[in-house]
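Participant: Heads up, here are the entries from Swiss-Prot:
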- 13, 97, 195: [4Fe-4S] cluster binding site (BINDING)
- 42, 75, 125, 165, 223, 224, 225, 267: (2E)-4-hydroxy-3-methylbut-2-enyl diphosphate binding site (BINDING)
- 42, 75, 125, 223, 224, 225, 267: dimethylallyl diphosphate binding site (BINDING)
- 42, 75, 125, 223, 224, 225, 267: isopentenyl diphosphate binding site (BINDING)
- 127: active site, proton donor (ACT_SITE)
């Protein structure tokens, strides 16, 4: 009997829940408009719902009237943004994920200690831009092994590395191995920079891949961790599609006869996942739905103190 195997955990992580609730509580407490620096999370469904409630998403603080409230997104901001907000008298609420904040703090600390910092990540991603702002003269971003091999540091330099929190564990492991081979003296945080939720979702997906022929990753095209989930499946030879709504699930699936895997990025709402499952069951009425639990998640991040 053909199955659709749903990964667990999937969808919202603790950092995303905190960020979304921060905007919702701010709207409840102070009313619209509430300004948000960058999309609060990279998911169109989430952003559209919050926009309908009165959130205004901006990229430049100049768009925010003086003395207004502005929320920093889960991805974090560079210190220059905080300084500009202070100069303009803006009331700020920080929804930066705690795991991203940990990396900001580490980069700042090691830069002060004289270390040169290598950041593994996508240099145009808003999270990476924010981290780089902590020590712009001491950070080098690398996106792939070729860029690692092109580094010109000495084996005598003090070197420290971190990664963007939403990377593929496969790709980052290869780059970390290359870094350590070139620079045996390089150090990092005691625990991985890749967040627990990213790791759990990738591991949960890897766990079902031997049992499926096709995978749907439900997430926004702009979501880094959703794209990395697709890459995890593709790297292991499983056909994978990134879809953001049920309409993107087509009768293409009828060309396949094996089991189907379903997972969702950390910023994907569960109602979107369920709508996609409903579409699948309409296309294949005989599908049996099965959940594959990899690990229970119980992490909770407290809301900013202004909203507790």
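Yeah, the Cβs are placed from backbone N, Cα and C, and that goes for glycine too.
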Participant: Just to be sure I understand the packing, how many Cβ atoms besides its own are within 10 Å of the Cβ of residue 224 ((2E)-4-hydroxy-3-methylbut-2-enyl diphosphate binding site)?
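Facilitator: Within a 10 Å radius of the Cβ of residue 224 ((2E)-4-hydroxy-3-methylbut-2-enyl diphosphate binding site) lie 26 other Cβ atoms.
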Participant: Would you measure the largest Cα separation among 42, 75, 125, 223, 224, 225, 267 for the isopentenyl diphosphate site and round it to whole Å?
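Facilitator: Spelled out: the longest distance between any two Cα atoms in 42, 75, 125, 223, 224, 225, 267 is 15 Å.
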Participant: Would you mind reading off the Cα separation of residue 42 ((2E)-4-hydroxy-3-methylbut-2-enyl diphosphate binding site) from the residue listed as 'active site, proton donor', to the nearest angstrom?
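Facilitator: Cα-Cα, rounded: 11 Å.
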Participant: Which three-state DSSP class does residue 225 ((2E)-4-hydroxy-3-methylbut-2-enyl diphosphate binding site) fall into?
Facilitator: helix
Participant: Can you tell me how far the Cα of residue 13 ([4Fe-4S] cluster binding site) sits from the Cα of residue 127 (active site, proton donor), in Å?
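Facilitator: That separation, Cα to Cα, works out to 16 Å.
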Participant: Determine which residues of the same chain, besides 42, 75, 125, 223, 224, 225, 267, have their CB within 8 A of the center of the CB atoms at the recorded dimethylallyl diphosphate site, and list them by sequence.
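Facilitator: The answer, listed by sequence position, is 41, 127, 166, 220, 222, 226, 265, 266.
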Participant: Give the distance between the Cα atoms of residue 127 (active site, proton donor) and residue 75 ((2E)-4-hydroxy-3-methylbut-2-enyl diphosphate binding site), rounded to the nearest whole Å.
Facilitator: 5
Participant: Setting 13, 97, 195 aside, what same-chain residues sit with their Cβ within 8 Å of the center of the Cβ atoms that define the [4Fe-4S] cluster site, listed in sequence order?
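Facilitator: Counting only non-site residues, the set is 14, 15, 16, 74, 98, 99, 100, 165, 166, 196, 197, 198, 266.
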Participant: Of the binding-site residues 75, 165, 223, which one has its Cα closest to the Cα of residue 195 ([4Fe-4S] cluster binding site)?
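Facilitator: Result for residue 195 ([4Fe-4S] cluster binding site): the nearest of the binding-site residues is 165.
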Participant: Show which residues of the chain containing residue 75 ((2E)-4-hydroxy-3-methylbut-2-enyl diphosphate binding site), separated from it by at least 6 in sequence, have their CB under 8 Å from its CB.
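Facilitator: The answer is 38, 96, 97, 100, 125, 126, 127, 130.
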